[in-house]
Amino acid sequence: MYTLLSGLYKYMFQKDEYCILILGLDNAGKTTFLEQSKTRFNKNYKGMSLSKITTTVGLNIGTVDVGKARLMFWDLGGQEELQSLWDKYYAECHGVIYVIDSTDEERLSESKEAFEKVVSSEALDGVPILVLANKQDVETCLSIPDIKTAFSDCTCKIGRRDCLTQACSALTGKGVREGIEWMVKCVVRNVHRPPRQRDIT
């Protein structure tokens with residue numbers, strides 16, 4: 001009887017854990033996106049003041065529960081010298097969120113180069129990628145078609161994995177929930193990367 005009840009409890013309350021990398025150049029808005037995600041999906045999370053967010057040196061970690069999935073976010077620093085550390089996390093991850101500052105046209109080619117390295121990595125084969133064109137609340141930002149055109153060289157390297165380019169404003173929260181919900185659907189159905197662990201709450 002205990003085994004039956006224990007199994008039922010696990011079935012009803014377990015969370016499948018998925019590791020999601022948040023990548024992109026410095027000042028693209030990765031940490032702001034992470035904070036907005038935690039605020040939108042964790043009822044009791046107060047969150048830090050978005051005006052106090054500074055450039056990430058190293059790693060920020062956050063957790064969000066969406067249905068039966070638990071997303072463990074790893075927000076990695078985007079400075080050039082830190083990008084060499086990104087691939088150390090690839091084997092463990094189930095999905096990638098790549099954040100682009102759509103107001104910074106001068107660094108767009110630099111962002112594309114970094115993205116190209118990400119999608120070219122064999123360690124990320126089949127891993128879904130959400131490309132967020134961030135800062136869409138700014139009038140002078142590049143549009144989604146502009147971003148897609150600038151990154152068109154990378155299309156063939158994306159392969160058969162799930163990939164979505166979406167407008168977002170991490171500051172206002174627009175597009176945050178939609179992006180996370182899309183990622184959850186992708187990681188849950190990706191049989192090539194099963195959940196990292198079972199976590200019972």
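For all residues, glycine too, the Cβ spot is worked out from N, Cα and C.
As recorded in Swiss-Prot:
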- Met1: N-acetylmethionine (MOD_RES)
- 24-31, 75-79, 134-137: GTP binding site (BINDING)
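Counting only same-chain residues six or more apart in sequence, the Cβ atoms lying under 8 angstroms from the Cβ of Gly24 (GTP binding site) belong to Lys30, Gly78, Tyr98, Val99, Ile100, Asp101, Ser111, Ala114. Within 10 Å of its Cβ, the residue among the binding-site residues Asn27, Gln136 with the fewest other Cβ atoms is Asn27. For Lys30 (GTP binding site), the number of other Cβ atoms no farther than 10 Å from its own Cβ, over all displayed protein chains, is 30.
Summary for the binding-site residues Leu76, Gln79: the Cβ-based neighbour count within 10 Å is maximal at Leu76.
Leu76 (GTP binding site) falls within a strand when secondary structure is assigned with DSSP.
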